[in-house]
Amino acid sequence: METLNFLGQGFGVALMPTNLMMAAIGALIGTIVGMLPGLGPINGVALLMPLAFALKLPAHTALILLTAVYIGCEFGGRISSILLNVPGDAGAIMTAIDGHPMARAGNAGVALSISAWASFVGSTVATAGIVLFAPLLARWALAFGPAEYFALMCFAFACITGLMGSEPLKAVLAAALGLALSTVGLDSNSGVYRFTGDNVHLSDGIQFIVVVIGLFSVSEILVMLEHQTHSSGLIRTVGRTLFNMKEFMMTGWTIVRSSVLGFVVGVLPGAGATIASAMAYSVEKRLNDKDGTFGKGDVRGVSAPEAANNASANGSFIPMLTLGVPGSGTTAVMMGALALYNITPGPALFTQQPELVWGLIASMFVSNVLLLFINIPLVGLFARLLLVPNWLLVPGILAISAVGVYSVHATTFDLLLMGVLGIVGFALRKAGIPMAPLILGFVLGDLMEQNLRRALSITNGELSILWGSPITVGLWLAAAAMLLLPPLYRRWQRRHAALA
Amino acid sequence: MADRILGTVCLLLGAAMAWASRSYAAEISYEPVGPRAFPLLLAAIFALIGAWLLVTGRRRVAKPAAAPKATLAEPLPASGAAEAATAIVPAAPANNLVAVAMCAVAVLVYGALFQPLGFVLATTLMAVPVCKAFGGTLKGGLLGGLGLGFGLFFLFDKVLDVILPTGVLSFLLGGR
């Protein structure tokens, strides 16, 4: 009951004219950014963050804008997956497998509309999940002390490395690099300058936005250059624009299952939309691929990943809002944005700034509806944007990135650092090092160190406090499971495949 | 081979961090853990990862080369998922490295000239090589760059109030 009251107040915030407008603008920009290959939600949020700041938007309005961009990106990624066979963002990789064959068979309109519907359901289910679970989790998290927080962050890193694929070691390395970057600058406890090399520009640390834009936008552009993506050309004949009743019924359970799965994956800190959509696709394939239609243009193969990646994007707000530990790379960026507003997400946020939290949650419902309206009738209009050639698009992205970085401190140093980090990011990606754990490390670094130091202060340096409570023990066990189970599962799967 | 280079870099990074942090001590200490501990912990992690990569890198060279990997974040190796991802993102042709280098230099030069030349000219200058790198023409880059430069300048500086440097064009754009 109390929750519904808060949610009502939240709708009051979300439906204020400025906030509604920002949600619409964010949804529109998000869809476009998500659609453009090479730009994902992280870039979208990173590009708009300084703008929100420069426009002096109040915190809740800025957060609503950024959230709409994030959700919009997850909606938009599918458009280029389906029409171009090039995923607009990583969460939409799986959508191309069935979406593009559908488009080539003249059913682009059906693929686009059913995936928009799936995205909407996925997002809405997950937002409802936030309403149900976030307040509970926030209340529970109030019992967390520094040791619990430290263990929780270790758990977040374990999630992101364990689920990251075949090379968890490189994910650990990425996280450590992020943590190391976060130590640059003045140590607030002791007043010691660390790793600044006596450079004034580094004395209050490396700007968050420089790291994000350098490592994501700039390095992404270099990676784009190297990989000439295969595309069979933009598909223009859209055919029937809306799915019919049969397709609606056929995908019903698929969408529900994938939404729930996506939500659960999203809530785990670190595991993002890519993993959620891959898992949802393979579950549906296992359950439904009786005639071998998956991969050849099955509507369920389009709905499953889309429902899951949107659900996971929304779900990833739960750990960020309730625990202060971001659930995805993008929520890590949003946490950085909140820090620019001097807001620290965490359980206290629910009691101290309920209008911010609930306004945000309500705005997610609003954005979802806006996105559905944007994405079903206007999709043809968006698709035309895919005709903008890269040679014009990329300088534009670079220029906007530079404006974003420059607007924070107005120094050339930040721009040069952005370039250097872009090149370093490119080299790291070439070496197979994922960027998401790095950004997570960078965002969490300071918090993690502070909590470790605070915990050890309590016991005067005695390490045992780190595993001294049931919560910490539980978190360490969960972290160990996250690290050990995926490789064991993979091994089991390989052996299984070898026997079969 | 790449893993062994990475391993060496990790070891060096760990050593550099440890060396740099040896002097980080608080003047007066109120707490058992000072500013040095966390960096040292990270240095140790880098050293461990580096050593591990060196050891396993050698073993991996002896074995047949590992399968090519997808460049986007890898999904779980669920059945079909990994292959699908690799199919969509094909392995890189190596001959684009010149274009990559050209683009990287353009970004660095852009940063250096952003203030002295001003946003409009610096953007034009950056757009030309980047445009070439992405298969555009010289004329396209020049016109596109000028369009972007002026367009974004008016959008951000005049409409959205994000102050941008005008540089040598300050007489035209209203200098600050």
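Heads up, the Cβ atoms here are built off N, Cα and C, so glycines get one too.
According to TrEMBL, the domain 'DUF112' annotation covers A:20-440.
The transmembrane segment annotation in TrEMBL covers A:20-39 (among others).
Annotation source TrEMBL lists transmembrane segment at A:51-72 (among others). With a threshold of 8 Å between CB atoms, the same-chain residues lying at least 6 positions outside the transmembrane segment (A:51-72) that come near it are 13-14, 18-19, 22-31, 33-34, 41, 44-45, 123, 310, 313-314, 317, 330-331, 334, 337-338, 340-341, 343, 355-356, 359-360, 363-364, 367-368, 370-371, 374, 404, 407-408.
Feature annotation from TrEMBL assigns transmembrane segment to A:109-134 (among others). Among residues of the same chain six or more beyond the transmembrane segment (A:109-134), those with a C-beta under 8 A of the stretch's C-beta atoms are 3, 7, 71, 74-75, 78-79, 82-83, 95, 98-99, 102-103, 238-244, 247-248, 251, 255-256, 258-260, 262-263, 266-267, 297, 299, 302-304, 306-315, 317-318, 321-322, 350, 357, 361, 364-365, 368-369, 371-372, 375-376, 379.
Only residues 6 or more beyond the boundaries of the transmembrane segment (A:140-161), in the same chain, are considered here, and those with a CB under 8 A from a CB of the stretch are 168, 171-172, 175, 268-271, 319, 322-326, 346-348, 436-437, 440-441, 444, 447-448, 450-452, 454-455, 458, 465-469, 471-472, 475-476, 478-480, 482-483. Look at TrEMBL and you will find A:140-161 (among others) tagged as transmembrane segment.
Under the heading transmembrane segment, TrEMBL lists A:168-186 (among others).
According to TrEMBL, the feature transmembrane segment maps to A:206-225 (among others).
Summarising the annotation, TrEMBL assigns transmembrane segment to A:255-281 (among others). Below 8 angstroms of C-beta separation, residues 74, 89-95, 97, 117-118, 121-122, 125-126, 129, 133, 155-157, 159-161, 163, 301, 303-316, 318-319, 323, 325-330, 436-437, 440 of the same chain, each at least six residues beyond the ends of the transmembrane segment (A:255-281), sit close to that stretch.
TrEMBL lists A:323-344 (among others) with the feature transmembrane segment.
Feature annotation from TrEMBL assigns transmembrane segment to A:356-376 (among others).
Away from its own ends, the transmembrane segment (A:388-408) comes close to residues 36, 39, 43, 46-47, 49-51, 53-54, 207, 209-210, 213, 217-218, 221, 224, 414-415, 418 of its chain (Cβ-Cβ under 8 Å, at least six residues beyond either end). Look at TrEMBL and you will find A:388-408 (among others) tagged as transmembrane segment.
According to TrEMBL, the feature transmembrane segment maps to A:415-444 (among others).
Under the heading transmembrane segment, TrEMBL lists A:464-485 (among others).
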Whole-number mean of pLDDT values that fall within the domain 'DUF112' (A:20-440): 86
